[in-house]
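A.B. asks: Copied straight from TrEMBL:
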{"type": "TRANSMEM", "residues": "B:6-27", "note": "transmembrane segment"}
{"type": "TRANSMEM", "residues": "B:39-58", "note": "transmembrane segment"}
{"type": "TRANSMEM", "residues": "B:99-118", "note": "transmembrane segment"}
{"type": "TRANSMEM", "residues": "B:153-171", "note": "transmembrane segment"}
{"type": "TRANSMEM", "residues": "B:183-204", "note": "transmembrane segment"}
{"type": "TRANSMEM", "residues": "B:210-231", "note": "transmembrane segment"}
Amino acid sequence: MIVGIATLLTFQLVGEILAYETGGLVPGPVLGMALIAIALLTMAKWQRVQSTQSQTIATSKAILANLGILFIPAGVGIVKHIDVLVAHGLALLALIVVSTVITLAVTVWSFVLAKRIFGGASDE
Amino acid sequence: MSDGLWVYLATSPLLWLSGTLVIWIFATFLAGLRPGNPLFNPTLMSIVTIAAILYLTGIDYQRYFEGAQFIHFLLGPATVALGIPLYEKLALVRRNLLPMIVALTVGSLTAVGSTILLSEAFGFPQLITASLAPKSTTAAVAMAISESLAGDPSLTATVVVLTGICGAIVVTPMMNALGVRDYGARGFAVGLASHGIGTARAFAVNPVAGLFSGIAMGLNAIVTSIVVHLFL
């Protein structure tokens, strides 16, 4: 548990340092995500880090299983934007629906089309 | 409860931290009663409940956040944790590499581009446009992107949750109407457009759709954080 948290925080820290040094184009935690996937990939067979890996994976799964609670503190910040909601509520809702529908259609069509051209397999 | 006790508790982080946890537990219980209904989203129900409590009691957000920040802080490590499912599904990514790259690039550009175009068409101020731009990515990443664009992360968080719920509601009837039967493609689209809430929905419909949806969510977090800089 502690090892898992320490590992995740350390990767975030390294990500934040990289983000700072590269001008903040990609957020630090996102860089941390890419780095931890690469680290797992390259060190998968190292005996010495097996226990660290399994603890990190267990901690990650526990956090991801309860991801929804983490958005609450920021989401409640909507109380600071009641004026925005009153002024633009309907337009905001329309924007969300229209852009989500367009994104779904364009993404699914480009996936199907690319698969027809390049091939691919939808199994595990 | 005496007024003195309320004043004492309302100013302590303990009340709002424990309150957020208890309300979340109750919301997940309610959501479990209606598993097929995306409107019974525990995050949405908790946000609405707590916002209403703050509004009715006149407690300001800053005070609430002093307690809730301990939960908020975990968004960073949770984003890093998304690298684990990405690693575990690597074989699946490799086998579908080209379709995924094409759909990811086109889809991410569409998500961000359509949002910014619509926001400008509605005449929204720059602050709102910047807060909306990353709305298809998972909230932790969307908020970080919003902050880097000088948007408002709290507005972004709410819009991200609404986008997730919207995608989860429309995806199944819409894909059926479009005649798309490839569950990998359907899952990839919903994960890209509506992140974790869409992924939860995809897993409920079809396991392959769920896998592809989770992969799309992780990859889109990376790509969107780059793509937004092409527009804003």
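First residue shown is number 1, and so on along the chain.
Every residue, even glycine, has its Cβ placed from backbone N, Cα and C.
Heads up, TrEMBL stuff is auto-annotated, nobody curated it.
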A.B. asks: Counting Cβ pairs under 8 Å that sit 6 or more residues apart, are there three or more between the transmembrane segment (B:183-204) and the transmembrane segment (B:99-118)?
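C.D. replies: Contact between the transmembrane segment (B:99-118) and the transmembrane segment (B:183-204): present, because at least 3 Cβ pairs are under 8 Å.
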A.B. asks: Between the transmembrane segment (B:153-171) and the transmembrane segment (B:6-27), are there three or more C-beta pairs closer than 8 Å, counting only pairs 6 or more apart along the chain?
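C.D. replies: By the criterion, they do not touch.
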A.B. asks: So if I exclude everything within five residues of the ends of the transmembrane segment (B:6-27), which remaining residues of that chain have a CB under 8 angstroms from its CBs? That is, six or more out.
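C.D. replies: Same-chain contacts beyond the ends: 42-43, 45-46, 49-50, 53, 57, 59, 63-71.
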